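Peer 1: Sending over a structure as structure tokens; questions will come in a sec.
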Amino acid sequence: MEVLKSPNDKKLYRYMVLENGLRVLLISDPEMQITEASGAAAPEANGMELDGDGARGHEAKGKAAAAAARGQRCDGPPGGVGGTIPAGGGPSAGGKRRRESGPAASDGEESSGDLQEGEEDDEDEDEDGEGESGSEEGEGEDEEMGDGSGSGEGEEEEGEEGEEEEEEGSEGGGGRRKKGGGSSQAPVKKAAAAMAVGVGSFSDPEDLQGLSHYLEHMLFMGSAKYPAENDYDDFLTRNGGSANAFTDLELTNYHFEVAPAQLAGALDRFAQFFIAPRCAEGSMEREVLAVDSEFSQVLQDDHCRLSQIMCHTSRPGHIYRKFSWGNRASLWERPRQAGIDVRQRLLEYYQQHYGADRSCLVVLGGQPLEELGAMVAGSFGAMPGGKGPAPSFAGLEPPFQGRTLTVLPAVRDHHELRLTFALPPLARLYGTKADSYISHLMGHEGPGSLLSALKARGWATEILAGVDDDGYASNSCCSLFGVDVTLTEKGLAAGPGGCGLAVAGLVFAYVSMLRREGPQEWVWQEMRSVADQRWRFLEEGDPMDAVSRLAGAMHHTAPAHTLVADYLHESWQPDLVARLLERMAPAAAAAPGAADSTATGAGSGEPAAAAGWSPCFRIDLMTKRYDEVKASVMSMAAAEGAEVRSESEPWFGLDVLVMQLPDSLCRGWAEQPPLPELRMPPRNPYLPEDFSLRCEDPDAPEAGPAPALPPGVTSLLATPPHMLLDRPGLRLWHKLDRTFRTPRAAVHWRLYSPAGHTDPRVAATGHLCLRLLEEALREDAYLADVAGLHYHTSPEGLAGLEFRVDGFNDKLGALLGRLTGQLAGLGAEGTAGPGGAAWLAEHFEAVREALLRKYRNMNMEVGKHASYSRLYVLCSRAMHCDHILEAMETLTPQDVRPYITTLLSRCHVEAYVAGNLTAGGAVRLAEDLAAALGPGCCMPADERTRDQCVVLPAAKELAERAAAAAAAAAAKVADAGTVVRLRAKNAKEENAALEVYYQLGPATDPRDRAVLDLIDQILYEPCYDTLRTKQQLGYSVYSGTRLTAGVSSFCIQVVSARHPPEHLDACVEAFLAAQGPRLRAMTPAELATQAAAVVSAKMQRDRSLVEEAGRQWEHISSQRYDFLSRELEVAALASVTVDDVYDTFARYLMPPSAAAAGDGASDGAAGSQRRKLAVHVRPHGPMGAAKKAAAAAGAAEAETEVKESADEPTAMAVDGGAAAADGAAAATEAPEAAELMEEPAGLLALRSGLDLHPLWLGTPPAPLMAA
């Protein structure tokens, strides 16, 4: 069966159905096959791999694409519990969360640039101060502490400031990350597979809510064929893979990736999930604790709270009223009290719903299609079928009725208004893109848009509109079209009741305008043109994300459209658009009539269930001023005679107010006169027209001779860029793309000025100026974003201000020119229009208010609080977000222009131009950029300064300081290291967090870096299995390496609702103590297996031009210019021995007391070089979740206590668990073991007393062009 694919896609596809009814999509990647078959794989010239064509996948969506195909923003329960769902995802069930790169697979680092406000969604942000373009804060990456980001193109939703890119250690993580696979030293790819089972939380029994999610967890815990609980995870980790899963409302999605050579073994283990899972008694209660911990981590998540409130207040008896997360109470305590055998019911549910004929499988590998097909048939042929059609809820009424306003309290300092419209189910109408048409217009940010009108009134800062990709918003029952508006204080107060209803009125005014204008085919055709361009030049995406997405899509797309459905604009149906807009009317007069007849056409017919639907909507307001707004709404309800009631949601413990909207108000919205400022968007001037490839130009220079490779390096990830210019004020790097062969380019540049980061007030002004710049560019830049051309801004602390423009290169120069010109003229008296002095006076306060709110919301989650504080202590010149916030409170419009003038009076730009631009074109762009900044762009490159990492006290030093105490006390101090004890920022937070950081030294030696990455690889699975699976310390457990301002280190983070940080710290120490003997006993063959995974992670090929450019930019922006760092580390791994690994571990990571015991010495600290920093973040109250769990366990668990005590210590003792439990007992009993540190003064005092590591900077090559 033919599957339509992009012209740029070299992979082969086959759609097949097994005899048991399992639908399968096979994907054979010839490039993966070549790499796997030959080892060195790619063609080489003079010993170096030549750039060649690559397969293509999904392109990252910008803000415009998000408006047209709106993804889920929250880790919300109903729309995807338990994993990384395609649109943004919930917290990973089973803790199987992973990150985008393996050991040292990213070349970035953490430093002061990561410590200020970020640009992602407040609840679902990537934990990275750099926004979308920022590097992942993973192993081998330098950490930066700076101003965070302001993503001009909005590719990531606005989010919490200064937080590192999301990793396993963050709340909503769970401790899984991606690791490399295979053993080839040539650039490699991953094999992957996903199974989407056609049942989810909608089918949960009423007396076991959350059962689908619980079952998803349990399937990871061993099978009849592979009975060990961690066999699947251990196999994947040893072979460079990872796994994840999520439970949606009608689907449960399981997926993994692995080294291509190990696909057969991984598939066979994966198949057993669906043939004979164990679901052992001994695992049941421990894993329900994981579900409970997962839920506890979202109790203070605003968007999760809102999602559950929307469920709780839906129509009585409706399937939406389920509690999809599940917790200990719903899955263990209450069922057992009712006499329910939970395991038996779970197995019955599995037998009833999990079947081959209800499931879709996608397998991606390097083998030929025939071989992949045989592999699948052999592993999955025994999967039971005959279950019949998957459950459908197409006949149900919509979940909401009438027109209501619900007000709920926000945890964070923000106000968000959400309008939700219940529409017929639209997932199968993907060929029409009818809802995407409305999303495109409602979420538009250009001239005449709803957002522009809201901003002109000072009412809002952001809008998102559309049907989310999750099962909560799109299912067989209905489609929920949401309009989310981030309100200002003025917007909250606007309208009756002081609850943002004037904003809702403006939304309805825009809907009325769309209905008056009627569906416009030119808008749809413009959308189609953009989609066609993206499809034509599709770039390759993450393999595990790709198979997961495709497996889910197979449930509602025609086989031929499996790949193209998201891009397919098959038929323009204006009648369907008009009917959907009618259902978004504020008054009931717009009831559907004859126009509801079912449409026809492939993938285009409106389902019969649409007939008889009447408009209904709900407004939800989430506000920090809950009590004030509640009183105001109640007064309004009394005056209008409207029904109002209080509701209590039991699972989150939320009290909310629900009011029926008065008919008079809704009629007023329906009858309001047209507003001239609301109009259809202009035609897009940024649509690209030139798609020619510069590498194919007749006069294009040939690829230069291959550089001599260092000893041991046999192939390159990619050819390094060349330096074209190096003169005072400007350093330019360039690489013409010959690999991806796409008409795209990426321009990165960093502006450094000695006046740019001198004190918190300057830092605050700089960040605010970037936000003002984005606002000034918004209407114009949004049109560019729609056309596939994006920009990004990011304050990077002491390192300067960073910018990026990427996308189709045809109009890239125009957007770059607008960006630099607007920056140079910001606040100038002579500048007319956006960005000028008059404009600044009008827009300053709204932009400042939004940024202030983000700084106030920083570090609300304990895991991120711990990471932030650790990084602040380490970065010697970082400025704390609290100090920046304090300074920003006093800023005025008069501060802007002096800052810009001083910044540009003496500055330097380092830029990198990559992609479909020649060297001459790159020079012209860079020259224009420098000229736009003015004559002050003349500072020599070597005058730039960088942050430095502090030197932590060594265990020996700490022990000497405690010499006056008993020897045991001295040993305890040496083990504890430097401890920072903090209080959680959110008074209602129930979780504690621990982040322990073990510092090695400057990462100048590739061999030392390679050894540390190998230790990371070896410890990763045991760390997760011990601390999370066996000991159940918390749902979120993470371990990995760090590169902080050029200094190597190793980190472990645990977030727990059950134990205080002292207990967590003791458990981590016990775990590390137990690893010494394990490492010492490791055989060379075992080491080689682990090393192969590290090699493949480091040699994982870049999937797109933007990814390659971003990776190479990290080498440039760090000023180390070490473009071959990964290749050198791979070469170094060949000579690493077991003794090398053990010696490094014993010297830097092993607790000194354990080293002393192992060596028979009396003082392990004397020989230890360990430098440990432990950050403890405690909740305000006692660890209530742990007390509640212990009390509830009581008599109900007495009958299993003997069995558990027999089983558990044995397993835990192997990995140090028993020792941890004993060692932490005192800390658990003493909740205030030591005085809490004042923040940020205490952190600053600690940092100020520490020495500094030397800077590690590289020497750039000579430029190719004269100055």
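Glycine is treated like the rest: Cβ placed from N, Cα and C.
OK, TrEMBL features for this one:
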type	residues	note
REGION	39-186	region 'Disordered'
COMPBIAS	53-62	compositional bias 'Basic and acidic residues'
COMPBIAS	77-93	compositional bias 'Gly residues'
COMPBIAS	107-146	compositional bias 'Acidic residues'
COMPBIAS	153-170	compositional bias 'Acidic residues'
DOMAIN	185-302	domain 'Peptidase M16 N-terminal'
DOMAIN	343-528	domain 'Peptidase M16 C-terminal'
DOMAIN	535-588	domain 'Peptidase M16 middle/third'
DOMAIN	633-887	domain 'Peptidase M16 middle/third'
DOMAIN	1014-1113	domain 'Coenzyme PQQ synthesis protein F-like C-terminal lobe'
COMPBIAS	1155-1168	compositional bias 'Low complexity'
REGION	1155-1174	region 'Disordered'
Peer 1: Looking at the stretches 185-302, 633-887, 1014-1113, which one shares the most CB pairs under 8 Å with the domain 'Peptidase M16 C-terminal' (343-528)?
Peer 2: 633-887
Peer 1: What counts of helix, strand and coil residues does DSSP assign across the domain 'Peptidase M16 N-terminal' (185-302)?
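Peer 2: Helix/strand/coil tally for the domain 'Peptidase M16 N-terminal' (185-302): 51 helix, 23 strand, 44 coil.
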Peer 1: Quick one: DSSP breakdown of the domain 'Peptidase M16 middle/third' (535-588) into helix, strand and coil?
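Peer 2: Output for the domain 'Peptidase M16 middle/third' (535-588) reads 25 helix, 0 strand, 29 coil.
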Peer 1: Sort the residues of the domain 'Coenzyme PQQ synthesis protein F-like C-terminal lobe' (1014-1113) into helix, strand and coil with DSSP and give the three counts.
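Peer 2: Per DSSP, the residues of the domain 'Coenzyme PQQ synthesis protein F-like C-terminal lobe' (1014-1113) fall into 61 helix, 20 strand, 19 coil.
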Peer 1: In the predicted model, what is the mean pLDDT computed over the domain 'Peptidase M16 N-terminal' (185-302)?
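Peer 2: Mean per-residue confidence for the domain 'Peptidase M16 N-terminal' (185-302): 95 out of 100.
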